[in-house]
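**Student:** Have a look at this one before I ask anything.
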């Protein structure tokens, strides 16, 4: 008797509108754009099938397992308001489909194969609900927000950073000099650019040594704890760990990784090393726009941010909001909360499709970086609050008097904004005036 072979409709097996989701399911919200003539139910079911147990036909080995236990299910579909032929398909995946503690495996399953699917014109993963049963299998950030503040002895204000420019071409000695000037001027951190690894003009070991010298000199002179994000990203995991080990031997507080170009496996390994050895971990999101910039295809950054919190990092770049559209402000603050808070309520206006309970996974500090300067300080302080890192590259090094005065300007502006806020002044309305007053100090 056997079974009926041949091509079959996915929706017969994988579209289950009556399904009640379980607390242990991983839930995904996909923005689906079906090809002309493909019904939305079939498109949603195809996504559920191809990202879980399905293939295009019935195979005899289906009889050797329980499909009901292991299959992904498309349990709800809704049209996207204001968009033609776009739908949000909600898919539930049983927990057994995923390896514990592996972001790599989670992404390989959920977004691995299905994005090239013929029945779909475009597909975007908008959000994931990670159940506590799964998030508990991850170490998460090496230290988290509170432990970082305790290590640095800095409370009640955002932290200040600066990316050293020009990002490529400086010798290690001159690079270290720029680091010293910025830290001496009042910044908490300086930063390797994401593409500073170990190039012919500046090998990593030389850079680490000169930056460590700059850190210790600035600490001795200011009495504050300082750091420089030493970029440990490398061509192999072994080389990356070797660089992190050297940073630890130098006694510096923080290293850095490009988590998308370096990959989740490397990132999780480095994160474990950092917790075991007391290093903070700064994460840069180089390559994110390749994945998240298209509105109807790819993966939204809020998913990449959640994945980073699971894989591990103490800081991550998350956009600046300033000067962008109001709607983007809400969306950005949505994933900033996903990085910092323990529990985030579902809120479609902010792009949050599911309530997310992180239980006790440490939080990540969002980093505002890119085209910002002192006149943005009131807005940044108001938008991001205390638990953030504000990073000014050109906004520090572009000061007409030099690097150290640029750093002083940023620190004075920040302290003025925090004081004004604590005194009850309205940063949004009086921001420029607060900065003008600070200039007279």
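Each residue, glycine too, has its Cβ placed from N, Cα and C.
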**Student:** Looking at Swiss-Prot, which one out of 52, 369, 388 binds substrate in the same site as 113, 163, 167, 285, 317?
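**Tutor:** Checking 52, 369, 388 against Swiss-Prot: the substrate site match is 369.
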**Student:** Check each residue in the chain of residue 285 (substrate binding site) that is at least six apart in sequence and keep those whose C-beta is under 8 Å from its C-beta; list them in sequence order.
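**Tutor:** Those within reach of residue 285 (substrate binding site), by Cβ under 8 Å and sequence separation of 6 or more, are 258, 259, 260, 301, 304, 308, 316, 317, 318.
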**Student:** Give the distance between the Cα atoms of residue 167 (substrate binding site) and residue 191 (N6-carboxylysine), rounded to the nearest whole Å.
**Tutor:** 10
**Student:** Using a 10 Å cut-off on Cβ-Cβ distances across all protein chains shown, tell me which of the recorded positions (4, 165, 167, 191, 317) has the largest neighbour count.
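**Tutor:** Within the set of recorded positions, the most crowded position is 191.
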**Student:** Using a 10 Å cut-off between Cα atoms, which of these recorded positions sit near residue 193 (Mg(2+) binding site): 4, 113, 369?
**Tutor:** none
**Student:** Given the binding-site residues 113, 163, 369, which one's Cβ is surrounded by the fewest other Cβ atoms within 10 Å?
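**Tutor:** Candidates: the binding-site residues 113, 163, 369. Fewest Cβ atoms within 10 Å: 113.
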**Student:** Which of the recorded positions listed here (4, 113, 284, 369) have a Cα atom within 10 Å of the Cα of residue 194 (Mg(2+) binding site)?
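**Tutor:** Final answer, ordered: 284.
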